[in-house]
Each structure stands twice: as structure tokens, then as C-alpha cells.
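Asks: Please see the structure below; I have some questions.
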Amino acid sequence: MAKRIKKTEEITKKFGDERKKALDDALKNIEKDFGKGAVMRLGERAEQKVQVMSSGSLALDIALGAGGYPKGRIVEIYGPESSGKTTVALHAVAQAQKDGGIAAFIDAEHALDPAYAAALGVNIDELLLSQPDSGEQGLEIAGKLIDSGAVDLVVVDSVAALVPRAEIDGDIGDSHVGLQARMMSQAMRKLSASINKTKTIAIFINQLREKVGIMFGNPETTPGGRALKFYSSVRLDVRGNTQIKGTGEQKDSNIGKETKIKVVKNKVAPPFKEAFVEIIYGEGISRTGELVKIASDLGIIQKAGAWYSYNGEKIGQGSENAKKFLADNPEIFDDIDHKVRVQYGLIEEDNTEEKQSSKEKETDEKADKNLVLELDDTIELED
């Protein structure tokens, strides 16, 4: 019986060695034909955690779960007209430039306002802009920029405005069934691998349409077919909510609107989270406003009555004064922002100072102990 078991083990080992050798040979051949890294074990990848770039909004970074837009992925931002889609995308452009990256904007709608973009923090002198004549041209330009590996962010505004060449050359009234959907499907197949390889973030802004004859369920849909929905790692639904009234001399005027951004699809974190941001007309997302609200909810900024305090010092009476204080003191703004991100687990806590202080404390304790021992020895000698 023992001999039979031993024989079986030998056969199994021999068979296993043969399979391993066959796999090694196959991997060598694949590497020879297609280059190093064509096939690898998942654990061998240097970067296992998804890299992200901040969206430019703290509330949206928290809703996204990972701390921002994932690099090397496709993002779709859609919603009704004038809901703030382009504003959200321009904040991402400003953040990419702030991080030292290069951003490109494919303006298929031919409606980008340079003055508004600059007000949101975009360096318009460094922004690459293209206003293509057709959908194919716009997607080809986006593809070449992505393939270069030198661009960190590409924004396409919008998918609905990417008109196929055949439709432009034809007459108004001609039927072009599924033409745009086929164009987008082909583009997604070509771009997705390049986007992932170059770690470029591709943001596609999209409009809303309504399906005809829908009696039950949601009649809303987005143009361009289903390909973009499938290839997107993140999809954001942007909707304007209530108007924001001004204060003081502007108390009778609407100075902005509260906007809800819902993460309807997320492949890198749990989906269906919502972010509520204040979009101020002419200024964009109020970063100080969202920080005051979130930090107050977490207790990082203390609120007593109408007064807001941080680290025991009052920073303003009323939210507007607190916002103004943070806008005038960027160092304190960054400090509070860092603490909020640490508390939500978006970034790792920097324990360098804590480790250093604990080390100094330990050194002091050792010095005190040595001093006590020396005093004891001195007393014994005197005795």
C-alpha cells in the first residue's frame, strides 16, 4: 500500500514538473514575441493600489471613495443642461495642472469660455485646446495625445457634439441610424488599452436625452450608445438642486446653486455615494464652503452657536466669515483639508513628527534614568 502511494506521489510530482516547464516555456515564447510584461503574475505588479488624482473638490473625492479620479481609466460626467458638468471637469483640469501635469480639452461643442476657465484656476496658457470639425477628428486627436504618454488628463466636451463625418457631409433630415454609437464603440476599443498603459485620465462629458414611448422606469439616456457606459470606470450624474442666495448687498440675488453629484458607477470603490457642492457663478465649486461643512461635521472645526473655531482659536462668526478666513489663510486650509482626508482614509497619516517626538521622549527618559543611577552611586560613595 505504501509503495503504491509513493508511486502515485512520484507520478503527480513528475506531471506537475512537466506542467510547470510547459508554462515556463510558453511564458518565454510570449515574452519573446510580444515583449517583456505581456504576461505576468498579478502579485508581481509594482503598483497594486489604484493611483488617483484629486477631482479638485473634497466632497467629490470622498464620494469617489479612492480620493479622486483613478489614473488610467475612463470617466463619464453626464447630467441635464447647465447642471455644472463642464465646471466639474474644469476643476479636474486645474488640479492636474496644479499637480504639475499637462491637460488637454477637446471642445467639440465650441463653447469653452477661457475667462471662466481661468477663474476656476485653469492655466489657459498651458491648456491644450482642440475644436475639431468632426467626431472622428476629435477622437483621433484625443487618441494621439493619449498615445504620446505626455498628457495626464484629456477632457472631451461633449460626446453628444461628436458628430460623425458622414452626418456633417449629408443633408439635414438624412437618417444616420447608429452612426455615432458605432464611432464611439470603435473609439473605446482603440483608446481603452492606451489610456490604461499611459495612466491618462480620460473624462467624457455627456448630455441627456429621453427615450420615446417609455411609460415606466427612467426615460433618460445618454447619446453615443452603450460602449462608453461599459468602458467607464466611474460615471457621475450631476444635477443642480436649490439656488444659493447672497448675503449683504446680494441678499436678493442668486449667487450660485447647490449641486448634487452622484457616483452611479464606480469600479475602484463602493458606488452610489453622493457629494453636495456649492457652485458659485463665476467662481466654480466653493472649496472653502465644502471644507467648513465637512470639517465641522467631523469635529475638526468646532462650532459653538454662530462661531467657528479651530485649535481653540475663533476663525469667524457665521459660515461666510469662516470661509473668508480659510480663503485668506491657505496654510490653515491645507492643514484642515489634510486632517479630513486622513480621517476618511483617502491618504495615509504622516506619523513622522509623532515618531520623532516619541523617540525624543524615550531619549529623555533614558537620560533621566541614567542621572538617577549616577546620583545613587554618588550617595553610596559618600556613605
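Each Cβ is built from the backbone N, Cα and C atoms, and glycine gets one as well.
The ATP binding site feature in Swiss-Prot is assigned to Gly79, Pro80, Glu81, Ser82, Ser83, Gly84, Lys85, Thr86; the stated evidence is sequence analysis. The compositional bias 'Basic and acidic residues' feature in Swiss-Prot is assigned to 353-369. Look at Swiss-Prot and you will find 347-369 tagged as region 'Disordered'.
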Asks: Other Cβ atoms within 10 Å is the metric here; tell me which of the binding-site residues Ser82, Thr86 scores highest.
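Replies: Per the Cβ count within 10 Å, the most buried is Thr86.
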Asks: Can you give me the residues near the recorded ATP site, meaning same chain, not Gly79, Pro80, Glu81, Ser82, Ser83, Gly84, Lys85, Thr86 themselves, Cβ no more than 8 Å from the center of the site's Cβ atoms?
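Replies: Filtered neighbour residues, in order: Val238, Gly240.
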Asks: Name, in the order they occur in the sequence, the residues of the same chain whose CB lies under 8 A from the CB of Glu81 (ATP binding site) and which sit 6 or more residues away.
Replies: Gln207
Asks: DSSP three-state call for Gly79 (ATP binding site): helix, strand or coil?
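Replies: Its secondary structure by DSSP: coil.
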Asks: Helix, strand or coil at Gly84 (ATP binding site), per DSSP?
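Replies: In the DSSP reduction, Gly84 (ATP binding site) maps to coil.
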Asks: Here are the binding-site residues: Gly79, Pro80, Gly84. Which has the lowest count of other Cβ atoms within 10 Å?
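Replies: It is Pro80 that, of the binding-site residues Gly79, Pro80, Gly84, has the fewest other Cβ atoms within 10 Å.
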Asks: 10 Å Cβ neighbour count around Ser83 (ATP binding site)?
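Replies: I count 23 other Cβ atoms within 10 Å of it.
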